[in-house]
Amino acid sequence: MLEVSAALKQGQITPTELCQKCLSLIKKTKFLNAYITVSEEEAFKQTEESEKRSKNEQSLGDLDGIPIAVKDNFSTSGIETACASNRLKGYIPPYNATVVQKLLDQGELLMGKTNLDEFAMGSGSTDGVYSKQYREKRKQNPHSKNEDLDWLITGGSLGGTAVAMSAFTCYVALGSATGGSTRNPAAHCRLVGFKPSYGLVSHHGLIPLLNLMNVPGILTRCVDDAAVVLSVLAGHDTNDYVSKLCIEIPKEYLVPELSRAKVIEVSIPHTSYSIVCYHVLCTSEVTLNMARLDGLQYGHRCDIDVSTQSMYASTRQEGFNDVLRGRILSGNFFLLKENWENDFIKAQKVQRLIANDFANAFNSGVDVLLTPTILSEAVPYLEFIKEDNRTRTVNMAGLPAVSVPAARPNQGLPVGLQLTGHAFCDQQLLTVAKWFEKQVQFPVIQLQELMDDFSSMITQGASLKNLKHPKPEK
């Protein structure tokens, strides 16, 4: 991103040319199903303003004229925000999420809204309404070798956003991070995925999954870019009740010599309980958050008018997918009076124990924790197993974490290393991540390499006509 920004400032490329290039790539890579909505008209309006500033030498900074993509669970004024769900189909927010507005204020160009699991509930980006065609084919013949199903999972829930970044349709991307939704796809798609400390970046305008764990995440191609974006997004927001007072995140930072760093093993003993704990807390909050989507004010509403109760039930049956309905049922069970103490309250206590485990590790003199981001490289869709327990404990503790490309084992597919830092020591964490990135020198994906791959796919007769961008059913 910073290289492109320098090219814009030096006049080597104009904002219009860059915007046109990205929009052209979006059309060429439509079969990747990365975007739900392409905001071409808005992008050109923003480009015109950036062009004027460029000609008058009044650039707003490093992000001016840079194309961005936003996960479809962030509110965007005048642009549909449906969370990849029939339930919110047609919903157009009257305002921008705080993080979106901050980036637009810096002159960035919004290319569009990207694909995800419905309401960000998933770890493979396969459960959204725009992925329905693949799920139906899998149900019809789960053991089929159909080429339409012979593709790799990009991770989730912001898999569409990661694909948009990897396909060079944008240079910065925003996503939500609840249990690994940013770091998981970053590891699969050789990107840098950063989850800030809980409360450092406003989540006002982010349609929530878990209020107590949700934070906006950042996807870039290198650590420097993530640091620049964080310096813009960090800060207090009066619209966000958990937003902390402004903590300065400088755009520039020194990379120290870490060759004398000592590596030791530490224990986070309650990690084994994280999956069950997360499930209880997640489904309970999902139940409460989805209760507001009753069909009365916005989004999908069924035609049944026998009674209000029937309308509620049918609207939610038609609007939510199986995954979401299952979580709502589980959440209602955990929130029952007879289960409250034994399930929900106990899960909250386990969450506190996990947070204490991290605190004890850091208090022992540890500055940064290192773990794999994911358990394996990307797997084919037919072999996909939802598995992301390496990342969700960090969200439970509210800590900052970043996934950095680290290796390409076995099939040559990328995997990432996760670095976790002290709460609100995001700058220190990115400093260490920058040092690690410098040591590993993992090859950055190049645009020409990407285009060669696309040409090869077409030459080999990939049935792109069978992978048309699906639209949600009415």
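Here the Cβ of each residue, glycine as well, is placed from N, Cα and C on the backbone.
Feature annotation from TrEMBL assigns active site, charge relay system to Lys71, Ser157. Annotation source TrEMBL lists active site, acyl-ester intermediate at Ser181. The annotation domain 'Amidase' is assigned in TrEMBL to 20-247, 261-430.
Geometry remark: Ser157 (active site, charge relay system) versus Lys71 (active site, charge relay system), CA distance 9 Å.
Counting every protein chain shown, the number of other Cβ atoms lying within 10 Å of the Cβ of Lys71 (active site, charge relay system) is 32. In the predicted model, residues of the domain 'Amidase' (261-430) average a pLDDT of 89. The residue listed as 'active site, acyl-ester intermediate' is 11 Å away from Lys71 (active site, charge relay system) when you measure Cα to Cα.
Using a 10 Å radius centred on the Cβ of Ser181 (active site, acyl-ester intermediate) and all shown protein chains, the other Cβ atoms total 37.
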